[in-house]
Protein chains: 2
Amino acid sequence: MSGNVNRDQGVATAAGFRAAGVVAGIKSNGKPDLTLVVNDGPSTAAAGVFTRNKVKAAPVLWSSQVLTTGSLRAVVLNSGGANACTGPEGFQDTHATAEKVADVLGVGAIDVAVCSTGLIGERLPMDAVLAGVDLATKELGTGAEAGLAAATGVMTTDTVAKQTALTHQDGWTVGGFAKGAGMCAPNMATMLSVITSDAVLDATVVDASLRAAVDATFNRLDVDGGTSTNDTVLLLVSGASGVEVTPAAFTEALTTVCADLVAQLQADAEGVTKHVTITVRGAATDAEAVATARTVAVDNLCKTAFFASDPNWGRIAMAVGNAPTQFDAAKLDITLNGVTVCRAGGRGEDRTGADLSGRDILVEIDLHAGEGTGTILTTDLSHAYVEENSAYSS
Amino acid sequence: MSGNVNRDQGVATAAGFRAAGVVAGIKSNGKPDLTLVVNDGPSTAAAGVFTRNKVKAAPVLWSSQVLTTGSLRAVVLNSGGANACTGPEGFQDTHATAEKVADVLGVGAIDVAVCSTGLIGERLPMDAVLAGVDLATKELGTGAEAGLAAATGVMTTDTVAKQTALTHQDGWTVGGFAKGAGMCAPNMATMLSVITSDAVLDATVVDASLRAAVDATFNRLDVDGGTSTNDTVLLLVSGASGVEVTPAAFTEALTTVCADLVAQLQADAEGVTKHVTITVRGAATDAEAVATARTVAVDNLCKTAFFASDPNWGRIAMAVGNAPTQFDAAKLDITLNGVTVCRAGGRGEDRTGADLSGRDILVEIDLHAGEGTGTILTTDLSHAYVEENSAYSS
């Protein structure tokens with residue numbers, strides 16, 4: 001990699017992009033709640049990846065249609081309401097929001113993606129949304145400050161804004177923001193993320209690069225097993241750097257940016273006290289390795305043991321035994337922070353030697369059933385998780 | 001049903017059975033930890049259902065072999081250690097325990113099932129186990145007191161012993177005990193249960209009746225999605241009443257007893273403050289209805305909302321959208337304690353009208369995609385759940 005990520009920069013660092021985040025009055029608490037990202041070109045290539053939940057929010061239905069063109073001029077995002085389970089009226093609200101952005105920018109509604117996040121099942125206050133679009137249009141800017149404002153406008157239970165950018169030594173940039181702290185998984189482990197780049201790319205590369213990067217990053221974070229109705233990752237490419245970039249170099253940079261955003265999501269997950277990495281080796285296939293890691297990641301008995309810094313590997317063995325993969329229980333190895341506490345399906349080194357008291361916990365599982373490997377990032381299940389999710393009001 | 005359940009009675013009420021529960025010293029806290037149930041016949045017909053976890057405890061491996069004979073003379077159970085992930089030595093410990101019981105009773109080891117519950121990954125203190133068998137043999141008795149002692153000897157995080165019996169007006173009885181509070185699901189939602197009957201039954205009926213009853217009861221409780229390594233339900237039939245019973249009448253009584261044990265398990269689940277019943281209608285098949293109910297039951301965002309008495313139906317819609325079933329999101333109905341808060345995929349009656357402040361929460365979901373129906377019982381995710389499962393020491 002010829003460049004490092006910089007969390008002071010974000011979605012408005014790549015040439016050709018402007019962004020803003022404003023207080024539109026959608027949230028009742030007066031915090032920023034509307035973000036606008038504009039691509040001034042010359043290219044308008046774009047791609048999107050959306051939730052696999054069968055209950056899709058209105059903005060997901062809209063934006064996935066828009067993205068079939070492979071082109072975007074702008075993205076408008078709001079927090080303070082998911083606009084999910086809002087029926088035909090909710091879809092009309094999304095459409096009206098896109099129309100409003102199209103009007104003020106002088107483009108077509110088909111050029112505008114819409115994202116929403118917040119409570120499911122309530123209509124958005126459209127007066128506030130539409131006035132917010134006017135306000136955001138006036139605030140559009142470039143660079144670090146505009147990127148941070150954009151990242152801030154989409155926050156819900158997030159405690160910090162999450163952005164990053166990578167500027168390659170050859171003079172092109174990939175950067176973006178993400179939001180999400182709960183309802184994260186098992187695919188598209190964020191509610192919303194927008195990433196921009198000024199690389200010059202063949203249009204067909206944009207979609208393939210985004211899918212590859214998302215599969216290796218956002219799809220490997222699992223906070224609580226709940227794939228939301230609104231999950232969206234969008235990539236917009238302006239080509240404004242004038243630098244032609246190979247697909248491999250672009251995908252590498254994009255994956256680095258996505259991985260850094262995922263690390264920030266994991267660090268800010270609801271109630272998190274532990275950053276847990278679960279790596280499975282020796283599965284029949286990579287897919288089975290990932291599925292096994294995910295089964296451990298969502299198991300509440302494992303998650304509460306992580307919270308307790310408790311090297312209770314029996315709970316992990318129990319979860320592995322419930323995973324959709326075949327293996328010989330008499331060959332199972334489990335290593336916690338470097339100590340192989342379970343060897344050949346039974347007790348290995350003394351579990352008290354595995355120190356899980358720090359923030360980071362590495363769980364390594366070897367099934368000895370093949371060559372497949374896979375990793376899932378997750379968090380613990382803490383009192384704070386219960387508190388946040390029982391207090392998050394309806 | 002020509003008889004009612006009576007929770008003062010249990011596993012030693014049916015004629016032909018003796019039981020005991022003693023302090024063997026397996027647990028360090030001096031509480032009862034070894035239970036023995038003996039069938040004095042004349043019939044020794046028996047059946048068992050075991051965990052589907054691929055990591056099976058030594059007693060599960062042993063007892064499932066024993067049950068291939070369709071016959072049992074005794075069951076010995078211990079708390080204070082699961083004897084899971086203990087390798088060949090752990091299996092030898094199970095075998096030695098069965099041999100010991102066989103010796104003192106004058107039967108064969110192949111006539112003796114073994115069950116264990118407790119921490120995974122540690123060997124049992126066999127001196128204590130074997131001495132406990134001697135002690136329990138001397139304590140064997142019949143009736144309410146013996147049944148309660150037996151139910152008490154298998155408790156782990158259970159706060160109360162769980163037993164029940166049903167005596168039919170025709171003069172035969174089905175009764176038993178169960179233990180389990182966490183690591184309950186998605187199949188065999190208990191760690192251990194032993195049920196006895198003095199009905200006269202055709203041997204082939206015993207296994208079929210047990211499977212039917214378990215599928216309708218134990219397999220429909222899901223506390224935390226974790227199927228344990230030790231789950232076992234055993235049914236022993238003595239025929240000592242001399243009353244011939246039809247398969248239908250027996251299965252009905254057995255199902256009633258199992259359902260009452262499941263209700264007690266749900267009521268004593270770790271950290272429970274809510275008893276939640278999730279019923280799905282209108283699925284393509286009954287199996288998809290059950291799978292959909294289970295997806296809601298294990299979703300932590302739904303479970304924390306139940307804890308908060310929060311009618312946040314959007315989280316339920318999100319979970320339903322992740323279930324392995326096909327439906328039209330625009331037809332989804334969700335009813336909470338009688339108030340249809342989501343109708344045709346959108347907002348229905350005012351959610352604040354749904355009062356979830358009591359102990360019981362009924363969630364009714366209609367997918368409008370077919371005729372399939374199914375119900376899962378579950379609990380909320382509370383601070384106490386996190387506390388118990390992070391404090392439960394390794």
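Glycine is no exception: its Cβ is also placed from the backbone N, Cα and C atoms.
Summarising the annotation, TrEMBL assigns substrate binding site to A:Thr156, A:Lys179, A:Thr190, A:Glu270, A:Asn389, A:Ser394. DSSP assigns A:Asn389 (substrate binding site) to a helical segment in the three-state reduction.
Annotation source TrEMBL lists active site, nucleophile at A:Thr190.
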Would you say which of the binding-site residues A:Thr156, A:Asn389 has the most Cβ atoms within 10 Å of its own Cβ?
-> A:Asn389
Chain B neighbours, filtered from binding-site residues A:Thr156, A:Lys179, A:Glu270, Cβ-Cβ distance under 8 Å | none
Within 10 Å of each Cβ, count the other Cβ atoms and name the one among the binding-site residues A:Lys179, A:Glu270 with the highest count.
-> A:Lys179
